[in-house]
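Engineer: Below you will find the structure I want to go over with you.
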Ligand SMILES: Nc1ncnc2c1ncn2[C@@H]1O[C@H](COP(=O)(O)OP(=O)(O)OP(=O)(O)O)[C@@H](O)[C@H]1O
């Protein structure tokens, strides 16, 4: 799932046409200029040791300056992954850097190990510490997670101060140097090591963010309920991402210790972490290049005011304040959302809906005769004194559209939440194709039951296409390492998924919107997109909670057509809906609830004529007659 910054063009007003910024010529020129600037920047960085050697008596100082900025950029990329893409407020990044620094320091100085081994150890230590902290705070919300990481940061510093034999106590460890054979590596050679690490971490971040692994993490950031409905385990997604962030922070700690030759508890102090936060927000959080640009800018600024060093903190504070007030999306985010920086949207191609059903639409065959796709027996759910469900039985057969109707507050959504394990049931049993349903919501999704919520739960800040791709997460077989290394298997699957996602969008009449931000869609299109995303997860049972609300007649047709296709393909579709015409025209069977109890079940014909329904559900037989 890419974010606004990285690839997704435009926002709501992106339809504006006619200005020079929308012309293909401008976009070609912009790409050429940005490409040239990137090449110049890389060339300057690569030639930096030679440049400083030639122009300065103090080459080592200027060399070290850029190396330090690069090390900070690595840590800021890690912070970006955690806070920006993962939505996890981390206040322990300087502590992770410290832990990484200790690992290298101990290995190189105390155990006389190689610096390369030290780096590996630092990455491991950073990963383990981050994962441990995440494990104890799995249920913590954004702010509480932040406070737990703050506590963890203090603990790491304190351990550093007290664990003398390993950390050297208050004094720390000194004499940490990268050696090649018996010789200490030159500053220039080490500069290139740091640069290579930064390039690697940038690529790691980019590949991760653009893969299903990144999309899963961002889905959890947006809504863990929705992510669960896609079969994504929020805990696993967070653990993986924060573990990777910890490894990166550990790496920056190793490089820090190797560059300066020492590590002590002060490195972990939050004061030292401020530069990473300022760099991240100034450059642009949730943007790929933002952390590097932000940190680079600050490094330059700090150097320019070094004669007034006592004002550095004040300047950084003011800079952050101004950035937040003037460019809250940071330099890169602001550029990307400006007319100059925005990508050109493809022309909208609104044609007739394609007739051919895309292959990605799932198919369910070979279910033993009489086996229900989804079955709830004796479901009881109380919220305190409210008896939301009181012994509800429901059997949804494959290859049918099953409607659940009833007046407001009758328990329809609660029933669905119980069947999909979003609610813990007080009594009863849930079965999927005859087998006891898994205990967790994402387990149920993995068992083939996907749910679309009553209140839209789209991933608004990403593209329409990326929303659909997130739905495909369950089918992705590559590992995070495969995604980072862009293995052939990953690239094959990625290509296939993108093609399938576009076909599915076209089938639902959203072809022209694939590259739009989800937030820029109309209400009806959003609802439709949610259904498409759910279909992309290839469910065997699809539950739609009031999907028709706010849809235009064309969108309603597209939704009805999709539901019929799913039924033909053997899926069970569960439909909660107040639009009586839509329900009666589409459903094979209905379950009618009232005050948490089933008052009728059967064909639309039977329900339409049921006295209990006329009386209890509508309370207005005249209305039913009108709609029949
Ligand atoms: N989390 C909750 N806490 C307390 N009460 C709840 C909760 N969720 C639902 N209820 C109550 O349970 C009952 C059933 O609610 P539910 O939302 O399932 O009804 P519904 O049939 O889906 O209604 P609607 O058609 O308005 O969506 C209502 O009385 C509602 O107030």
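We number each residue from 1, going along the chain as drawn.
Even glycines carry a Cβ here, placed using N, Cα and C.
So TrEMBL lists these for the protein:
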- 31-48: transmembrane segment (TRANSMEM)
- 60-81: transmembrane segment (TRANSMEM)
- 115-135: transmembrane segment (TRANSMEM)
- 142-160: transmembrane segment (TRANSMEM)
- 189-205: transmembrane segment (TRANSMEM)
- 239-262: transmembrane segment (TRANSMEM)
- 274-302: transmembrane segment (TRANSMEM)
- 314-335: transmembrane segment (TRANSMEM)
- 374-620: domain 'ABC transporter' (DOMAIN)
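Have a look at these and tell me how they're positioned relative to everything else.
Structural biologist: Long-range contacts of the transmembrane segment (31-48) within the same chain: residues 62-63, 66, 191, 195, each at least 6 residues beyond the stretch ends and with a Cβ under 8 Å from a Cβ of the stretch.
For the transmembrane segment (60-81), same-chain residues at least 6 beyond its ends with a Cβ under 8 Å from one of its own Cβ atoms are 45, 48-49, 52, 90, 93-94, 96-97, 187-188, 190-191, 194-195, 197-198, 201-202, 205, 208-209, 241, 244-246, 248-249, 251-252, 255-256, 259, 275-277, 279-280, 283, 285-287, 290-292, 294-296, 299, 303.
With a threshold of 8 Å between CB atoms, the same-chain residues lying at least 6 positions outside the transmembrane segment (274-302) that come near it are 3-6, 65-66, 68-69, 72-73, 75-77, 79-80, 83-85, 93-94, 198, 202, 205-206, 209, 312-313, 315-316, 319-320, 323-324, 329-334, 336, 461.
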Engineer: Determine which residues of the chain contact the transmembrane segment (239-262) at the Cβ level, with the cut-off under 8 Å and only residues 6 or more beyond its ends counted.
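Structural biologist: Answer is 64, 67-68, 71-72, 74-75, 77-79, 81-82, 85-86, 88, 90, 93, 96-105, 108, 115, 118-119, 121-131, 133-135, 172-178, 190, 193-194, 197, 201, 204, 208, 213, 217, 480.
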Engineer: Please indicate, using numbers and ranges, the residues of the same chain that are 6 or more beyond the transmembrane segment (142-160) and have a C-beta under 8 Å from a C-beta there.
Structural biologist: 87-92, 94-96, 98-99, 102, 129, 133, 136, 167, 172, 264-265, 268-270
